[in-house]
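Colleague: Would you mind keeping the following structure in view while I ask a few things?
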Amino acid sequence: MTELLRWARHHWHRLMNGRTQGDDERSYNYSSLLACGGKSPQTPRPAGKHRVVIPHLQGFKDEYERFSGTYVNNRIRTTKYTLLNFVPRNLFEQFHRAANLYFLFLVVLNWVPLVEAFQKEITMLPLVVVLTIIAIKDGLEDYRKYKIDKQINNLITKVYSRKEKKYIDCCWKNVTVGDFIRLSCNEIIPADMVLLFSTDPDGICHIETSGLDGESNLKQRQVVRGYAEQDSEVDPEKFSSRIECESPNNDLSRFRGFLEHSNKERVGLSKENLLLRGCTIRNTEAVVGIVVYAGHETKAMLNNSGPRYKRSKLERRANTDVLWCVLLLIVMCLTGALGHGIWLSRYENMLFFNIPEPDGRVLSPVLTGFYVFWTMIILLQVLIPISLYVSIEIVKLGQIYFIQSDVEFYNEKMDSTIQCRALNITEDLGQIQYLFSDKTGTLTENKMVFRRCSVAGFDYCHEENAKRLESYQEAVSEEEECTDTLSGSLSLGSVARPRAQSCRTAHSRLPGKPLAQLSGSTSAVGNGEGSGEVLHSRQAAFSSPIETDVVPDTRLLDKFSQITPQLFTRLDGAAQSAPLETLYIMDFFIALAICNTVVVSAPNQPRQKIGLSSLGGMPIKSLEEIKNIFQKLSVRRSSSPSLASGKDSTSGTPCAFVSRISFFSRTKLSPPVEDESSQMDEIPQASNSACCTESEAENSDVGLPIDSAEALDGPPPLASNLCYEAESPDEAALVYAARAYHCTLRSRTPEQVVVDFAALGPLTFQLLHILPFDSVRKRMSVVVRHPLSKQVVVYTKGADSVIMELLSVASSDGTNLEDQQMVIRERTQRHLDEYAKRGLRTLCVAKKVMSDTEYAEWLRNHFLAETSIDNREELLVESAMRLENKLTLLGATGIEDRLQEGVPESIEALHKAGIKIWMLTGDKQETAVNIAYACKLLEPDDKLFILNTQSEDACGMLMSAILEELQKRTQVSPELASPRKNFPQPPDPQVPGRAGLVITGKTLEFALQESLQKQFLELTAWCQAVICCRATPLQKSEVVKLVRNHLHVMTLAIGDGANDVSMIQVADIGIGVSGQEGMQAVMASDFAISQFRHLSKLLLVHGHWCYTRLSNMILYFFYKNVAYVNLLFWYQFFCGFSGTSMTDYWVLIFFNLLFTSVPPIIYGVLEKDVSAETLLQLPELYQSGQRSEEYLPLTFWITLLDAFYQSLVCFFVPYFTYQGSDIDIFTFGNPLNTAALLIILLHLVIESKSLTWIHMLVIVGSILSYFFFALAFGALCVTCNPPSNPYGIMQKHMLDPVFYLVCVLTTCVALLPRFVYRVLQGSVFPSPILRAKYFDRLSPEERAEALKRWRGTAKVNHVASKYASQSAAKSGRPRPGPSVAMKSATVCTIEQSTRETVLDLGYSKPGASTMTEPLAS
């Protein structure tokens, strides 16, 4: 009975507390459905501050019922409805809309006999149709979710049964908190569970989180401390511990709790011990875990909220005008009521006009006027357009369809196109005024390429590596030319030179496949029989050849070769005998290799890890030994399909052990030779896989002499690959750089890291602790025990601004070392500044040596922080800060992150469109500024102001000084002076250039204070571009919110990573870039694109079209409703304001519902005022949307006045024509309806700027449908609307020439003013849009010739080029170098045409026509 009551209570809670908001209209892949399934309709019950998890076992039955038995099970339900509540709940939701409530009120009102205007059934028809269509749509959507939920809930997993004492098959929906679950490789995790056992000997479980966050790289999770040492699988019956953890929350990066044994000993739990629902087990034969969160309380379900609901600016404007229409309706109804009362008072004693009630009473004129007021409300209800909002939704769906169908948004390399996740803000794309952009991965490729490094104060330029990058760029540009010549099978054994790899690399991949698609996979060919297959199609994270192939610097390699085992034999006692620089070089590369969370895997196997724990340290000398090792490995991983086979499919060679061959055969490096040409000849071609074979990795380094390469050759290479899978591209780049210097990361477990270090052989570092990166510390550290010195060493890497503040001298025996440290610090800082000026991302690397006593003391405090549930993050940060101090600087790295293709051109076009662009980045100031110049966010002649202070007062004073200087440079008022005028005036002609502002993260914190917000906004209003450096995710969102709320402007935020999510959600429009940092930004965005360059067309073309279409369509709806309703209103003057109509009620209803509803929808979907080509050539046309020129309050009132005029003509022309005749009321109303239909449809023809056959077909179809309905209705529906009789009215009129004359004359007179205005507007005072439309009528040759004749291009370009050169010379900046992507001739032609058009259309700004190239990075 208890179970039954709990079941009933649980389902009643779910039924009554489901969400009423609309579900997210996104599509999921299967894996993400398993993780999220859709939006959770129930809010999880609070379980208190902590959660106690008791094992679901017989011995814990009573305690389990008290704790775990009260938590929700693993069943998910993302549907909103059931068979019982569908109708009431759907109606309840639909009547949340004010429009539906309004029309429901009219339906109820029409049932009141005294105010009845129509037949009761007629007034219900429009509302019933709308409610039914929406209910069917909602029902189908919910049924689709129901089927998906059922499929997921019925998936099978292995759950331990306390009755049967074994693991049994169980549906996901029956899993509960406290259950023990056993999962095998490639299974999907059904619930959040703590990992208790893994078949991996090191207690590691690899998971893939692509179904949760879109990241495909493997992540490591480890068994709870104390269980990893067990040799056998954990036995649930012997499990006597309990778990206490935090309550369910949506933080994927946090898990706090502890496992308490029966002896009260506690073991801390963290996110490293938690397996999340929706992730996939990889690389591990089997795991066992205990469920801590199930169903809707899992982190995946709690995170599945989707983007916040946003209402477009145009829709808000339309809602305001609907209120004006309501006011107009009230005025018209009051006029009718007052008129009827006055008219009736004249005949108060004449019963012929004042008919008594059934009881004999005669109503007073006042009371009758009151009733007529409500009758008029019913009669004129069409003034409030019920079909407007439905039509807007349909139009937006059509616009979304055409946006997603645009082939120019398709990215072939990523096989992705644009995603429109928000269906209700398409028109906002055409009104953006401020754009906030992330840098890394958004403006840049997020392909981190190791370029330079500084070790022990010496800079190593890696010039050969720079040349390799240039050759790689040429290879990419030639890829298309080589694709056509691809044929035959692939060969992995072919060898070529990197200098000639542009075509050879392309030839070595699958036909028809792009280079990037195969760069991270190994392509298999047949075994000589012609068969072939792709074994591993998944691209490894951050593993393109440009990232993985690093050419060492010869000077550094020369010093590196001096590292020998003899040099470090006395490290523990005579460390000073070794050269300091050599020690630094060794520690530097060790830090690059191990100070990370990189996972080592093998790409030619289905997610199988290369493990080294069972391999000895002795060299392998015979094939028999190889076979023995392989047999051991095969027994250990016998359940793995790939390892069980024991073959590498690409080569037919055993693959579990071959990576060890070169590992055991290291010899001392010979001194490097100086002949670089001979070195280049010895470079083999990079493997098709991003993960190079060991033999290739060892011999592919420039600077490694031939004899050294031969010396390193051990047994013949067996083509085993190593692949590094990193959560960050920076980490991957540093690991690949270390590998280039033969400091190769070979294996990583929770207990140790194995590094193959040049001539020293394998070095096994005992991994004591990992202190992960966070945005507060801005660094990460690893604590290891050094295999040579046996000391506890802390290796730290992080932002230079942070590491430099933590440096100290570890020596206490003199000042010589202290002086050396100061010199190294000063030199490294100079190198960092130089790297930043070149646009490189910089990191500092440092270390610290601890005594065992110091480490033990720190460990005690750290253990307390790890086992704490409350404030664990704060305690861990404090513990890390106690450790990360008194560091010794080893060196710094410079990593290049290249600009994406088309970024400079896109930013230049957006600038011309009047969009102010802010760059919000976490990079340092110099790097961000250099990238800003490279992408044309800043121009060489811009005046750059840097805001970098240490206090709030200093920040305010500096902003005041900058403002004063800016006001002296220009004589115009900034944008802030008039926030509603969204565009600042051009600068003074005598003051060249624009202003740019750079502000650092610490100063930004001061500027965001309430006391300085207004001053900060005033300063930024004078600047065309703003760069915020070292900005945290929270600061990014605060900046966007500040600008949006205080300046009342339309904002857009674009980013690609999890740190951009808050900024994306705060902005009016959020754009996610699907790149290499997962899908968090995409899942939180309104639109998702694959490259930044797509943004220009999305805004300038589709945004402009969507805004223009919807604006004109909404105005047209108001126009046609007002025009038609006024016909009924004018008739009231001739019927005593009685509330009657001169047309049949069925015709009245269908006029808006059927005859005039489709043409505006087609207009809203297909209208193009200007072609896409012209809009891209003339970005300035976008400013019409920013100024809302298509839909201004004045435009709305002019449209209503035009509707009033047309209704007057449409009524009185037929009235005077038939005056004095004996026609009845419906015969008089028929020409009015016909003329009104023709006027309304032809009005749309006049307003259309791109009539197509679809437009004309729909318009003609609407006219024909009206005549068909009128003829059929007059012939068949004689008694449909008693006592009226519409029999034969249309038939008679169609035989009367006067009818045709009246319709034609009325239409011409009504539309003449509108037609004359449009003609004069296009010829006498054309807008920029109309002028641009002129070029669409010309052929490409005629257009180019017309533009050239019209503007004198050559002179403008000559002056601009000369001015740009002078500005660059005065600023002292170098001219653009070869590393900057050159613009194609086509782009230059487009820009040239754009400048000419700007001059002609009056958009020219002094200095804006200056065309200069970006500064070389």
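Indices start at 1 and increase along the chain as displayed.
Glycine too: its Cβ is placed from the backbone N, Cα and C atoms.
Since the structure is predicted, the reported quantities are computational estimates derived from the model, not experimental observations.
Take a look at what TrEMBL says about it:
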type	residues	note
ACT_SITE	Asp438	active site, 4-aspartylphosphate intermediate
BINDING	Asp438, Thr440, Asp1056, Asp1060	Mg(2+) binding site
BINDING	Asp438, Lys439, Thr440, Glu731, Phe773, Lys797, Arg841, Thr921, Gly922, Asp923, Arg1030, Lys1036, Asn1059, Asp1060	ATP binding site
DOMAIN	68-123	domain 'P-type ATPase N-terminal'
DOMAIN	1082-1327	domain 'P-type ATPase C-terminal'
REGION	670-694	region 'Disordered'
REGION	973-992	region 'Disordered'
TRANSMEM	99-118	transmembrane segment
TRANSMEM	124-140	transmembrane segment
TRANSMEM	322-343	transmembrane segment
TRANSMEM	371-392	transmembrane segment
TRANSMEM	1114-1133	transmembrane segment
TRANSMEM	1145-1166	transmembrane segment
TRANSMEM	1194-1216	transmembrane segment
TRANSMEM	1228-1246	transmembrane segment
TRANSMEM	1253-1278	transmembrane segment
TRANSMEM	1298-1317	transmembrane segment
Colleague: Need one number for the ATP-binding residues Asp438, Lys439, Thr440, Glu731, Phe773, Lys797, Arg841, Thr921, Gly922, Asp923, Arg1030, Lys1036, Asn1059, Asp1060: the maximum pairwise CA distance in Å, whole number please.
Modeller: 24
Colleague: Under a criterion of three or more Cβ pairs within a distance under 8 Å and sequence separation of at least 6, are the transmembrane segment (1194-1216) and the transmembrane segment (1228-1246) in contact?
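Modeller: In this chain the transmembrane segment (1194-1216) contacts the transmembrane segment (1228-1246) - 3 or more Cβ pairs sit under 8 Å.
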Colleague: Which secondary structure state does DSSP assign to Asn1059 (ATP binding site), in the simple three-class scheme?
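Modeller: In the DSSP reduction, Asn1059 (ATP binding site) maps to helix.
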Colleague: If you skip the near sequence neighbours and keep only those at least six away, which residues in the chain come within under 8 angstroms of Arg841 (ATP binding site), Cβ to Cβ?
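Modeller: The answer is Thr440, Met448, Asp730, Gly894, Ile895, Glu896, Asp897, Asp923, Thr927.
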Colleague: What residues elsewhere in the chain lie close to the transmembrane segment (124-140), defined as a C-beta under 8 angstroms and at least 6 residues from its ends?
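Modeller: Non-local partners: 80-81, 86-87, 90-91, 93-94, 100, 103-104, 107, 386-387, 390, 1149, 1153.
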Colleague: Select the closest residue to Asp1056 (Mg(2+) binding site) from the following recorded positions, measuring between CA atoms: Asp438, Phe773, Gly922, Arg1030.
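Modeller: Given the candidates Asp438, Phe773, Gly922, Arg1030, the nearest one is Asp438.
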Colleague: Would you kindly list the residues that approach the transmembrane segment (1253-1278) from elsewhere in its chain, counting only those six or more residues past its ends and only Cβ-Cβ distances under 8 Å?
Modeller: 1144, 1146-1147, 1150, 1154-1156, 1158-1159, 1162-1163, 1166, 1230, 1233-1234, 1237-1238, 1241, 1244-1245, 1285-1291, 1294
Colleague: Whole-number Å distance between the CA of Gly922 (ATP binding site) and the CA of the residue listed as 'active site, 4-aspartylphosphate intermediate'?
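Modeller: A Cα-Cα distance of 9 Å.
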Colleague: DSSP on Arg841 (ATP binding site), three-state: which is it?
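Modeller: Once the DSSP labels are grouped into three classes, Arg841 (ATP binding site) ends up as strand.
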Colleague: Restricting to the same chain and to residues at least six past its boundaries, which positions have a Cβ under 8 Å from a Cβ of the transmembrane segment (1145-1166)?
Modeller: 118-119, 122, 125-126, 129, 382, 385, 387, 391-392, 394-395, 398-399, 402, 1109-1110, 1112-1113, 1116-1117, 1120-1121, 1124, 1128, 1233, 1236-1237, 1240-1241, 1244, 1247-1248, 1250, 1252, 1254-1255, 1258-1259, 1261-1262, 1265-1266, 1269-1270, 1273, 1277, 1280-1281
Colleague: Which residue counts does DSSP yield for the domain 'P-type ATPase N-terminal' (68-123) in the helix, strand and coil classes, in that order?
Modeller: 32 helix, 0 strand, 24 coil
Colleague: Whole-number answer please: how many Å between the C-alpha atoms of Arg1030 (ATP binding site) and the residue listed as 'active site, 4-aspartylphosphate intermediate'?
Modeller: 11
Colleague: For the domain 'P-type ATPase C-terminal' (1082-1327), what's the model's average pLDDT?
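Modeller: The answer is 90, the mean pLDDT of the model over that range.
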Colleague: Are there any residues at least 6 positions away along the chain from Phe773 (ATP binding site) with a Cβ closer than 8 Å to its Cβ? List them or say none.
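Modeller: Long-range Cβ contacts: Arg779, Met780, Gly798.
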Colleague: Of the listed stretches (99-118, 322-343, 371-392, 1228-1246), which one yields the highest count of Cβ-Cβ distances below 8 Å with the transmembrane segment (1298-1317)?
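Modeller: Looking at each of 99-118, 322-343, 371-392, 1228-1246 in turn, the most contacts to the transmembrane segment (1298-1317) are made by 1228-1246.
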